[in-house]
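Taken from Swiss-Prot as is:
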- 129-316: domain 'ATP-grasp' (DOMAIN)
- 162-217: ATP binding site (BINDING)
- ASP288, GLU301: Mg(2+) 1 binding site (BINDING)
- GLU301, ASN303: Mg(2+) 2 binding site (BINDING)
Amino acid sequence: MKIILLYGGRSAEHDVSLLSAFSVVNAVYYNYYQVQLVMITRDGQWLKGSLLTEAPTSKEVLNLTDSAYQGTPIQPGEIKEEDAIVFPLLHGPNGEDGTIQGFLETIGMPYVGAGVLTSACGMDKIMTKYILQAAGIPQVPYVPVLKNYWKENPKKVFEQCEGSLLYPMFIKPANMGSSVGITKAENREELQNALQEAYRYDTRAIVEQGIEAREIEVAVLGNEDVRTTMPGEIVKDVAFYDYNSKYLDNKIEMQIPAQIPEETQAKAQEFAKKAYTMLGGSGLSRCDFFLTNKNELFLNELNTIPALQAEFCRYP
């Protein structure tokens, strides 16, 4: 059977996608599967690369814009093949948000992972919080802020945020991943700058209460029969980890299993399974939690296409 690995993409997480793709092609059991490389460039061009029958030794093989491994331009619809399945490894907007899933369903091509609605809701931090809060899964206090509302009445936004939350606050674009566009604010001036930064990536932002907490992650796998892994913990040398500390500076590592009480471990797995089920998850996802020193768990987010890079795989 052929796996069509779809990676790259137009989002700010293009490079993360290539790292994930390299991990996947090195994990495939080639006695049973072949891997067809299809890369979406930063400007949206689709390139068809090699058909892999064994694991590549170099990451450069996946960069289909490299002259040594130049891919052949194709139309998106040409990805459709019989006896094949697409594995989308497109992180962030235009990949993890339901757009590519909708396209694949339109052309009748089976794919790995969450469907359109789950992908769209899971990518949108505001929608995720609304749905999972209604399901009884604890969240840190937050305030959603739309760009138009901010432009029309910034003073009211400040009052709303400062009336509901305490500094420090974390400001995030609603539809980005890999900590892109996330800023910590200690005062009103920093809050203003942080919102402006978030609006570079999205017209909707979310302001969250900053808390002192450990960061716990649970991998989820399955469709109707849902399984969870033992929780892992992100151990970091920075106050909070942004894109650089995640992927460039090697300032974090994953400790598996997390050194937490059995009761907390079971609760994290229960919440992860419930979040996955309530959002209609399928294939795989990763649930991220905050854990306070009082052993309180708060859901941070659910990732429907988690990064799988070998150097620091956050899919425990």
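Cβ from N, Cα, C; glycine included.
Overlay of Swiss-Prot annotations on the structure.
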residue: GLU162; record: ATP binding site; DSSP class: helix
residue: MET169; record: ATP binding site; DSSP class: strand
residue: MET176; record: ATP binding site; DSSP class: coil
residue: THR183; record: ATP binding site; DSSP class: strand
residue: GLU190; record: ATP binding site; DSSP class: helix
residue: GLU197; record: ATP binding site; DSSP class: helix
residue: ARG204; record: ATP binding site; DSSP class: strand
residue: ILE211; record: ATP binding site; DSSP class: coil
residue: ASP288; record: Mg(2+) 1 binding site; DSSP class: strand
residue: ASN303; record: Mg(2+) 2 binding site; DSSP class: strand
Query = Cα distance, ASN303 (Mg(2+) 2 binding site) to MET176 (ATP binding site), nearest Å?
reply = 11
Message = Can you tell me which of the binding-site residues THR183, GLU197, ARG204, ILE211, ASP288 is spatially closest to ASN303 (Mg(2+) 2 binding site)? Compare CA atoms only.
response = ASP288
Key: GLU301 (Mg(2+) 1 binding site) and MET169 (ATP binding site), Cα-Cα, nearest whole angstrom   = 16
Request  = Using C-alpha atoms only, work out the spacing between ARG204 (ATP binding site) and GLU301 (Mg(2+) 1 binding site) and round it to an integer in Å.
outcome  = 16
Rounded inter-Cα distance in Å - GLU197 (ATP binding site), GLU301 (Mg(2+) 1 binding site) = 20
Ask   = Here the binding-site residues are THR183, ASN303; which one has the lowest number of other Cβ atoms no more than 10 Å from its Cβ?
value = THR183
Remark   = Expressed in Å to no decimal places, the gap between the Cα atoms of ASP288 (Mg(2+) 1 binding site) and GLU190 (ATP binding site) is 26
Ask   = Out of these binding-site residues, MET169, MET176, ILE211, which one has the fewest other C-beta atoms within 10 Å of its own C-beta?
value = ILE211
Ask   = Given GLU190 (ATP binding site) and GLU301 (Mg(2+) 1 binding site), what distance in Å do their CA atoms have, once rounded to a whole number?
value = 24
For GLU301 (Mg(2+) 1 binding site), the number of other Cβ atoms found within 10 Å of its own Cβ = 18
